[in-house]
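> One structure is given below, represented as structure tokens, and several questions about it will come after.
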Amino acid sequence: MNQGSIAVIGAGKWGQALHFALSQKQKCLISSRSKREIENFVDLETAMDCEYLVIAIPAQEIRGWLKENFVFKGQKILVASKGIEAKTGEFLNEIYSNFVPDKNIGFISGPSFAAEVIKGLPCALVINSKSKKLYKSFQPFFPNFIKTYFSADVIGAEIAGAYKNVLAIASGICEGLQLGKNAQASLIARGLVEMQRFGKYFGAKKSSFLGLSGAGDLFLTANSTMSRNFRVGLGLSQNKKLEDILKELGEVAEGVKTADAIHNLSKKYSIYTPIANEVKLILDGKNPKDSLKDLLKN
Ligand SMILES: NC(=O)C1=CN([C@@H]2O[C@H](COP(=O)(O)OP(=O)(O)OC[C@H]3O[C@@H](n4cnc5c(N)ncnc54)[C@H](OP(=O)(O)O)[C@@H]3O)[C@@H](O)[C@H]2O)C=CC1
Ligand SMILES: O=C(CO)COP(=O)(O)O
């Protein structure tokens, strides 16, 4: 293993932004499924040999990618994805635990549009890990424009990061239907309560939902057309077909599959998640105006 070296795996929007950020203080390699003309782009084998890895591939692809490509050699890993596997309802930390010990892995959360990070604009992120030592070993790689915090609440950060994508879809629908700022603020506030309730069931800490990972990322994504998930919501409000919306987007909108995962988990464990459930129904074809009526019922 190449001691002290770092690589990003996945050269999508977020992978490229993280590569830019992590290249400010030292050389950072990058690798992806499709070859790109990016400085320090390497093949997967070379990247995998680095001591530090940041993995930025969509949540639904992670299990297959790990099975096919990953060899654990003691690397320290940061997961940059935000989502829940729809097929199984498993959280990303559960999937990774089959391949990497807890002390070697952390999860990035917090409000961070790739488009702003790649311009070097300031932001604050949380590195969530069972190991503070892991956080401390990654912290020096981050550039001066990114403030990092540590949290041991891995499940809280994961649920917050995944759930806010579903709520961003709901908020996009609200915006598209021109329901007004009162409605949007109510939706976002009740969404925050809902994701906290869901998280509590799985042992997440309340404080994670009130900080950067929860409220911070939710307020960002549920209020901006820069969010892919928000734009999915806008498209749904115009009665566009989901297939066409995703084609036009051309990038991942994790909230689509995560809505499925939350719907199934909340049904299985009897957790009250009305907003996520309506998003799932709208994605399946329900008229958003009927969802609104159902959400407003006393
Ligand atoms: N964009 C953002 O602002 C942020 C995104 N995130 C999260 O980061 C994750 C990635 O998002 P983002 O980079 O924006 O998404 P993009 O759609 O821009 O890129 C996804 C990348 O994943 C790679 N990929 C897709 N499927 C596979 C697969 N089966 N095996 C290997 N690689 C695959 C693709 O690589 P290739 O092109 O080489 O085929 C693609 O470039 C998501 O979970 C997202 O929620 C988190 C914070 C911010
Ligand atoms: O997670 C993000 C910002 O923190 C990006 O959100 P979108 O995937 O909705 O663009």
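Residue 1 is the first one shown; counting continues down the chain.
Each Cβ is built from the backbone N, Cα and C atoms, and glycine gets one as well.
Owing to the predicted nature of the structure, the values given are computational and were not obtained by experimental measurement.
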> Since TrEMBL lists Arg228, Asn229 for substrate, which candidate among Lys82, Lys87, Lys103 does it give for that site as well?
Lys82
> Filter the recorded positions Arg33, Ala114, Lys164, Arg228, Asn229, Val252 down to those whose C-alpha lies within 10 angstroms of the C-alpha of Asp217 (sn-glycerol 3-phosphate binding site); answer none if the list is empty.
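Cα within 10 Å of Asp217 (sn-glycerol 3-phosphate binding site): Lys164.
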> Within 8 Å of the centroid of the Cβ atoms of Lys82, Arg228, Asn229, which other residues of that chain place their own Cβ, given that this set defines the recorded substrate site?
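Once Lys82, Arg228, Asn229 are set aside, the remaining close residues are Asn165, Ala168, Thr221, Ser227, Val252, Ala253, Glu254, Gly255.
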> Give me the non-local Cβ neighbours of Lys164 (active site, proton acceptor): same chain, 6+ apart in sequence, Cβ-Cβ under 8 Å, ordered along the sequence.
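Correct list: Lys82, Gly191, Met195, Gly214, Asp217, Leu218, Thr221, Ala222.
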> Restricting attention to the domain 'Glycerol-3-phosphate dehydrogenase NAD-dependent C-terminal' (153-288), give the mean pLDDT.
98
> Out of Ser112, Ser227, Asn229, which has the highest number of nearby Cβ atoms, where nearby means within 10 Å of its Cβ, if these are the binding-site residues?
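It comes out as Asn229.
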